[in-house]
Amino acid sequence: MMHSSSVRRMITVKWSLCLIFCLTNSILVSAKHLCLPDQKDSLWGFKNEFNVPSPHSYAMTEKWRNNTDCCSWDGVSCDPKTGVVVELDLQYSHLNGPLRSNSSLFRLQHLQKLVLGSNHLSGILPDSIGNLKRLKVLVLVNCNLFGKIPSSLGNLSYLTHLDLSYNDFTSEGPDSMGNLNRLTDMLLKLSSVTWIDLGDNQLKGMLPSNMSSLSKLEAFDISGNSFSGTIPSSLFMIPSLILLHLGRNDFSGPFEIGNISSPSNLQLLNIGRNNFNPDIVDLSIFSPLLSLGYLDVSGINLKISSTVSLPSPIEYLGLLSCNISEFPKFLRNQTSLEYLDISANQIEGQVPEWLWSLPELRYVNISHNSFNGFEGPADVIQGGRELLVLDISSNIFQDPFPLLPVVSMNYLFSSNNRFSGEIPKTICELDNLRILVLSNNNFSGSIPRCFENLHLYVLHLRNNNLSGIFPEEAISHHLQSFDVGHNLFSGELPKSLINCSDIEFLNVEDNRINDTFPSWLELLPNLQILVLRSNEFYGPIFSPGDSLSFSRLRIFDISENRFTGVLPSDYFVGWSVMSSVVDIDGRIIQYTVTGIDRDFYHKSVALINKGLKMELVGSGFTIYKTIDVSGNRLEGDIPESIGLLKEVIVLSMSNNAFTGHIPPSLSNLSNLQSLDLSQNRLSGSIPGELGKLTFLEWMNFSHNRLEGPIPETTQIQTQDSSSFTENPGLCGAPLLKKCGGEEEATKQEQDEDKEEEDQVFSWIAAAIGYVPGVVCGLTIGHILVSHKRDWFMRIVSFFT
């Protein structure tokens, strides 16, 4: 785990509070056969309103039986005296479908606790929710709900806990400010509420100035929205408030806490990533918050005086991107500090030696500054005996590489520095190391064989000068992400990767690996990204008689190698994820590493999209589905099964020796944005069906043997002519070459124009011969106005 128990308690305080609220309001099931018939009917009707993908062991409603006591059903609790349902907790139950306004749920009038979190309700939250007048706890987190938050929630006078986070609720409408006012008015009516979480929605507007009227409020989270205006100082006047999370909004300055008359109980405050700039906030403004243990002011221009002090129990401090130019000296006295993030500032020089003597320090992120070394001896960091996470990436550190705490270190990030020489063998002594990122340095030599002692989940050595054969024994079977791209590795791809059943990301691009296609990788059930680009792989990319099936692959890049052979027509049949939005288990694919925040380390892949090289990072991995086999020696027909991959966004098969026709099945790729079939030997015509691909922005058919007219569709006609050049038989726009039918029609039209021209010219000549000059002038003027032809203008200029 990343933090000690005290920091974990601080970071997860809102979840702890949530548990307390839920347990406080919980009523245990007692005697059997207490369920009233109308209650059972309402529950059974509610169950039947939703679809549940089968089979799902976590779907509680699938275990309900109509011939049993409903008070014994999973997720249901009844009042032991009356038999009415008072609690319904069906979170993570795979319920699919809208929550209807006439749902049987709303007949459960005695319901006090309703938890439907992490289901796929997908619709609006109906006003009928306000009919559950006795409701104390309402949790609809992550339910795919959207639209306005119903004002009827203000009728729930007993409500103490409201969690609508991670949905798509908005303040939009004909009167968005009016909608927001109704929302805030509704919140202010909840006089008993102790917990409000509206985080990660799409709400906007300003908070009311009289927030202190929520006198019992203990937790208020509206992070990840678009609220604006100033943060009302009345929030800090609520003596019961423990958690206040306003981060990732559009709040602006000035920021004031106000005069706090009674001791503050606030323990967690996050106002980071707002729009206070260019306003400067003095860090000392937080000094009166004596109970504060978690403070995140990331993204705010801070003034940190030499005499500033924060409450001594501060354990979590987020100072990311605060325009700090000097290492904050007040941290020296923060003996309880466990989590420190001062990344993305403007700090230069050496990291102070005293930092590593803070006894509780677990997480340090000093990345994206201009540090060039460490004060003290080579083993200075080993003074931080409890250090779990160290991020020193994107600085100008150079040799020697620091010695690290042997026992505690879990995650090490040191990319984008100036370290050189061999990778230090002292890293092999870090028994608990799980993530190692040394990308974008100048390391050279081979991989230390002692890596076999490590149990890594993530190994990124990208863009160094490492060489030699990658040792088989250095591959941890725990690996989930492996990136050694842009080095000088040679030999074969390590076969020990076959033992990495959890691997999702595999990138060996731009090395000198000389091997046949690793078809055995299809046995890795979680592989999503495979990049073999720019190596010396050779031979066919399939084995005769075997069907290749990369069921979860979303990025397949084997370009710029020496692969050969013909692809069978069914080559892409087993590529399930590229054929569908969901994977074979019906789950949305997301790139994750078990137990690891995926934002902790940088993953990147260089892709060719629309003819340009781009770097794919972050969320791009969950969006892009790409196939690139360009720059090889593949031949024969393009497999017809390519049409099954309807989710593919980028498809490049250029610079091969493909023959035959362009398969019409390509028109099934409804999400395709970029198509490159250039530099092959394709013949026949360009299928007109491709013009129906509304997202297709870029295509290249050049340097083939295509013929016939270019389809006259908007998607194709808007392409540059270079996308069709070097196809001798192609004709029509955007090429200058006219098609045969067009040339014949044009010639006939020109002949008709010439005949008409000759007739009119004969008439003019006769008129000139018989009519005096004045009449001739009038006649010419009349014809000029009537016909306005270019040739006639030339004749007029001749006579004048």
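Any Cβ shown, glycine's included, is placed from N, Cα and C.
Remember, it's a predicted structure, so these values are computed and weren't measured experimentally.
The secondary structure of ASN66 (N-linked glycosylation site), as reduced to three states from DSSP, is coil rather than helix or strand. Feature annotation from Swiss-Prot assigns N-linked glycosylation site to ASN66 (among others).
Contacts of ASN102 (N-linked glycosylation site) defined by a Cβ separation under 8 A and a same-chain sequence distance of 6+ are given as SER128, in order along the sequence. For ASN102 (among others), the entry in Swiss-Prot reads N-linked glycosylation site, with the evidence type sequence analysis.
The Cβ of ASN210 (N-linked glycosylation site) has 12 neighbouring Cβ atoms from other residues within 10 Å, across all protein chains displayed. Annotated N-linked glycosylation site per Swiss-Prot: ASN210 (among others), in sequence order.
Among the features that Swiss-Prot reports, N-linked glycosylation site is placed at ASN259 (among others). Within the same chain, no residue at least six positions away from ASN259 (N-linked glycosylation site) has a Cβ under 8 Å of its Cβ.
Secondary structure at ASN323 (N-linked glycosylation site), taken from DSSP and collapsed to helix, strand or coil, is coil. The N-linked glycosylation site feature in Swiss-Prot is assigned to ASN323 (among others).
The N-linked glycosylation site annotation in Swiss-Prot covers ASN333 (among others).
What Swiss-Prot records for ASN365 (among others) is N-linked glycosylation site, and it gives sequence analysis as the kind of evidence. For the recorded site, ASN365 (N-linked glycosylation site), the DSSP three-state label reads strand. Cβ environment of ASN365 (N-linked glycosylation site): LEU320, LEU340, ASP341, ILE342, SER343, VAL389, ASP391 lie under 8 Å away, each six or more residues apart in the same chain.
Of all the Cβ atoms in the protein chains shown, 14 others lie within 10 Å of the Cβ of ASN442 (N-linked glycosylation site). What Swiss-Prot lists as N-linked glycosylation site is ASN442 (among others), and the listing cites sequence analysis.
The N-linked glycosylation site annotation in Swiss-Prot covers ASN465 (among others) and rests on sequence analysis. Counting Cβ atoms from all protein chains shown, ASN465 (N-linked glycosylation site) has 13 others lying within 10 Å of its own Cβ.
Annotation comment: Swiss-Prot describes ASN514 (among others) as N-linked glycosylation site, evidence class sequence analysis. Residues within less than 8 Å, Cβ to Cβ, of ASN514 (N-linked glycosylation site) and separated from it by at least 6 positions along the same chain comprise SER490, GLY491, GLU492, ASN535, GLU536, PHE537, TYR538.
Less than 8 angstroms from the CB of ASN668 (N-linked glycosylation site) sit GLY643, LEU644, LYS646, each of them six or more residues away in the same chain. Per Swiss-Prot, the feature N-linked glycosylation site maps to ASN668 (among others).
In the three-state DSSP classification, ASN700 (N-linked glycosylation site) falls within a strand. Among the features that Swiss-Prot reports, N-linked glycosylation site is placed at ASN700 (among others).
Sequence-distant contacts of the repeat 'LRR 8' (294-311), counting only residues of its own chain at least 6 positions beyond either end whose CB sits under 8 Å from a CB of the stretch, comprise 10-11, 13, 247, 255, 267-274, 276-284, 286-287, 317-324, 326, 328-330, 333-334, 341. According to Swiss-Prot, the repeat 'LRR 8' annotation covers 294-311, on the basis of sequence analysis.
Swiss-Prot lists 407-430 with the feature repeat 'LRR 13'. Only residues 6 or more beyond the boundaries of the repeat 'LRR 13' (407-430), in the same chain, are considered here, and those with a CB under 8 A from a CB of the stretch are 2, 367, 384-399, 401, 436-448, 450-451, 453-454, 460-462, 466, 596, 600-602.
Residues of the same chain lying 6 or more positions beyond the ends of the repeat 'LRR 19' (551-574) and with a Cβ under 8 Å from any Cβ of it are 509, 517, 525-542, 583-584, 589, 605, 607-608, 616, 621, 624-642, 644-645, 652. The repeat 'LRR 19' annotation in Swiss-Prot covers 551-574, and the record cites sequence analysis as its basis.
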ASN323 (N-linked glycosylation site) and ASN442 (N-linked glycosylation site), Cα-Cα, nearest whole angstrom: 29
Sparsest-packed among the glycosylation sites, when each Cβ's other Cβ atoms within 10 Å are tallied, from ASN323, ASN700: ASN323
Residue counts (helix, strand, coil, in that order) that DSSP gives for the repeat 'LRR 13' (407-430): 5 helix, 6 strand, 13 coil
Residue counts (helix, strand, coil, in that order) that DSSP gives for the repeat 'LRR 8' (294-311): 0 helix, 6 strand, 12 coil
Length of the line joining the Cα atoms of ASN210 (N-linked glycosylation site) and ASN465 (N-linked glycosylation site), in Å: 61
Residue from ASN66, ASN323, ASN333, ASN465 whose C-alpha is spatially nearest that of ASN700 (N-linked glycosylation site), among the glycosylation sites: ASN465
In three-state DSSP terms, the structure that ASN333 (N-linked glycosylation site) belongs to: helix
For ASN333 (N-linked glycosylation site), the one of ASN66, ASN323, ASN465 that lies nearest, given that the glycosylation sites are compared by Cα: ASN323
Residues that sit under 8 angstroms from ASN66 (N-linked glycosylation site) by C-beta distance, when 6+ apart in the chain: LYS40, TRP44
